[in-house]
Amino acid sequence: MPKFAANLTTMFTEYPFLERFKAAAQAGFRAVEFLSPFEYPASVLKQELDNHGLQLVLFNTTVGNTAKGEWGLNALPGRESDARANIDLALEYALALNCQTIHVMAGVVPEGQQQYLYEQVQVDNVRYAADKYAPHNISIVLEALSDVVKPNYLYASQYHTLKLVKRINRPNVSVQIDLFHAQIVDGNLTHLLQNLNGHFGHIQVASVPDRHEPDDGEVNFTYLFNLLDQLGYSGWIGCEYIPKNTTKAGLNWIKPYL
Ligand SMILES: O=C(O)[C@@H](O)C(=O)CO
Ligand SMILES: [Mg+2]
């Protein structure tokens, strides 16, 4: 039976961020994820999680300065000390929030720059993070992003991400498959999940092409949820979608699973 986490960055946006925890719990979720905890003291977030009986299953390292086009710092040559300070800060939040998986963001490779240099910096920084997180049983996931969300992100394909995960070669580092991006970039999702089985540690879902509830569009998610069960995937599936209408009105698809 698949386990779903509400993504509080994209769902329940009818409410201010701190009120989304209660809304998710009232809708029947027992777990949540979100992009960034760093705008709030960890103690404030912990209170919300505890008050509503929620488990935090994923957050990301910082995106950096989005006004300057940054979307992750860990692959950027020359920014290693900022990246590692953020990796350390993410560990503090993960321990305070009892979160066992962190998405270590890579970054954008500006036009004309050498991809391999950015990959090497990402490999070095993720190894640093993996070794630092391992004694705390905290895992790292790396997520490919399609051009729809972030043009020129270090990796767009799941297979490219897998290659880097293998090169990083740490037992607590795996792929995060966002099936929205995966369908756009790689397609052939059944074979993708079969090929990567054992190498992914987190899944996210949204319909394609509109990034709404996973009950519409070109992908048959009921089939994929069954496939994930058959493959023995026991991790979380994050609902990283933008509700078509209100969040609550769009929750019929999840009722059999909650
Ligand atoms: O799909 C996404 O965009 C997110 O999961 C993310 O982590 C950062 O872009
Ligand atoms: Mg995603």
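For all residues, glycine too, the Cβ spot is worked out from N, Cα and C.
Any TrEMBL annotation is an automated prediction that lacks curation.
As given in TrEMBL:
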{"type": "ACT_SITE", "residues": "E143", "note": "active site, proton donor/acceptor"}
{"type": "ACT_SITE", "residues": "E240", "note": "active site, proton donor/acceptor"}
{"type": "DOMAIN", "residues": "21-256", "note": "domain 'Xylose isomerase-like TIM barrel'"}
Confidence summary for the domain 'Xylose isomerase-like TIM barrel' (21-256), mean pLDDT rounded: 98
C-beta crowding around E240 (active site, proton donor/acceptor), within 10 angstroms: 26
Cβ contacts of E143 (active site, proton donor/acceptor) (under 8 Å, same chain, 6 or more positions away): H103, T161, V175, Q176, I177, D178, H181, H202, Q204
